[in-house]
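These notes are about the structure you will find just below.
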């Protein structure tokens, strides 16, 4: 299964909107906004200036994936970090200049090309020990170990990440199937094997636990929910009309 979605370009379109009187709507304003967002997304936006760009990019990324598995979690994290900072505008690939430090050079983003992100996407990728060491050594004054951690998993983490470990050392986020995109992440949470506090909280919190249990049991439901979530995230911060620009150089503003 290909890991690269088709490239789409946001633009303003004039499309008729169904009359609100024809059907009952729940929260009509929100639904109307979502419908407008959909209409701004057009396939083959670059058909005239760069035919087959979607297949070209897909081929390049798939080739890179065959060379190194890191391409998968790195692409997921790149997408997340781009869309959650001023919307999906590819700003994360802008190069720094003497007058401006680019988004990608912020300390929190220095490993954008190296590991996976997003809660459900933690089924892939890896993390540096420093990102979770407090859970296995300095959780609280009363308990150096996070009590929500599976004891066996905690011992495993301590073995791979001893105190004063080389900061370059990283481990898999998913200890069971680290190279497969599956629902093992949720099964791990049921066993107390979430790598980050934010992961394990999804199972500890009674509000999100039913979702964890449902997706641990039904991989097809999780896969569909992930597709829906990624698609919605790709619509954040849509730029239309005179907002933004189509860059001549992808790494620099026009």
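Every residue, even glycine, has its Cβ placed from backbone N, Cα and C.
Just so you know, TrEMBL annotations are computer predictions that nobody has curated.
Sequence annotations record features per position, and here TrEMBL assigns heme b binding site to 122.
The annotation Ca(2+) binding site is assigned in TrEMBL to 123, 174, 177, 182. If you draw a 10 Å sphere around the CB of residue 174 (Ca(2+) binding site), it holds 22 other CB atoms from the protein chains shown. Residue 174 (Ca(2+) binding site) falls outside any helix or strand according to DSSP and counts as coil.
Taken from TrEMBL, the feature disulfide bond applies to 129-161. Close to residue 129 (disulfide bond) in the fold, though at least 6 residues off in sequence, lie 160, 161, 165, 167, 169, 170, 171, each with a CB less than 8 Å from its CB.
Residues annotated as domain 'Plant heme peroxidase family profile' in TrEMBL: 40-254.
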So what's the average pLDDT for the domain 'Plant heme peroxidase family profile' (40-254)?
84
